[in-house]
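Working notes, structure below.
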């Protein structure tokens, strides 16, 4: 029979549903992977795999190759306790062997591996038989100092601060350059409108019209073929393309490297083509010393980057809100516990402060008034009122006497209690709630799976459609020029027919690309 193990991988850098589809599709192809479920919100992938063929770190590497950040999360192995220790004082391989062999002989230890280079020990144990403090004690008895690897309790992986900052910056850079570009565009539109009116009323000859047109400040040519308007637009467009679009370019490059297309590819494609096309047209005009200024699309990239980066920024703010709820839940957990040793007749012999991860099943834990319960347990001694509103929502404190159960994270009010730990670590009610919330974010609605699937095909389709548009208009133009003439208003009569058709076709296809680009499907 095939054994199937389960691991969780923390994934960063996912922005929309097509990223999720991309990871899922690529990993399913790999040998030894049975199934994979990726949660966009929790930033977490749950992978079921065959340990004989592949291991979790290899899975994380596969995800990294797709252009996302991935780290294997602390094994959520049900049943087995897992312990990561820092061991100091090891000098050579025989120390390692000594620790490993002693631990493996210890009853309840299932697996142990010690790395000399990193001073780390990785131990699997059966929590029914042995606990983390016993293991640490065994290592200490051998003459080494040891401590727990500090686990990050702050839920920092759910924190979107960095991304929020990054997109905010990207948005502001684009906005600063976008406003003048929009201003120029609006000014041009108004002026064109006035010219059209003037033309209609005064029946000016087209020569006079040209002189009026070129007298406009923005249409003034600095050198033949290069107007003030185009030059300014170009200057404003370059920084946006460079700095505003930086993140998009990186993501798009990574996606293309793996022959997948996501939203970033579309955005980069649309803006780069618009920018490159405009630049080329401008160069041609300068080379030809054209009297009439060419139509450029330098306004497209800044406008597009503004909207997309604003969208991304808002999206990360929203994600941050959801994740904040999880972080708050996690922050309710106590970090330390006071463990006591009882003598005959429940006499306190000693007490020590330990990390909450070191509490074992069956330990006696003392909780002082105002303290948080570190673990789930049963009261052995003492009477108190306990505020359990975090679980029950009940504002009134609940009376606790010997035999009653208490919940980790709830707050002891007036009396001191001794409790016997029943559920520790990942088994406490609070940890389970956190886990449930994370899982709820992991599981997808059927409609969402459908949307993910579609967005995988979305990008190639749009590119195909815009190419079809390009050729369709070229063909239409050469067959029946009047149609192009009807739609391509304001083109000047001095350029050749072929060029008018090609320019119009390009304009149409770039428009298709630019408009279809913000994958509305993915965002929705």
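From the backbone N, Cα and C atoms, a Cβ is placed for every residue, glycine too.
Among the features that TrEMBL reports, domain 'HMA' is placed at 5-71 (among others). When averaged over the domain 'HMA' (5-71), pLDDT in the model lands at 84.
Under the heading domain 'HMA', TrEMBL lists 81-147 (among others).
Through the fold, the transmembrane segment (171-190) approaches residues 218, 229, 232-233, 236-237, 239-240, 243-244, 298-299, 302-303, 305-306, 309-310, 312-313 of its own chain, all at least 6 residues removed from its boundaries and within a Cβ separation under 8 Å. The transmembrane segment annotation in TrEMBL covers 171-190 (among others).
What TrEMBL records for 222-244 (among others) is transmembrane segment.
Under the heading transmembrane segment, TrEMBL lists 265-287 (among others). Taking Cβ pairs closer than 8 Å, the transmembrane segment (265-287) reaches residues 223-226, 230, 233-234, 237, 241, 245, 248-249, 252, 255-256, 293-298, 300-301, 304-305, 308, 459, 462-463, 503, 506, 510, 513-514, 516-519 in its own chain, all 6 or more past its ends.
Annotation source TrEMBL lists transmembrane segment at 457-479 (among others).
Annotated transmembrane segment per TrEMBL: 500-523 (among others), in sequence order.
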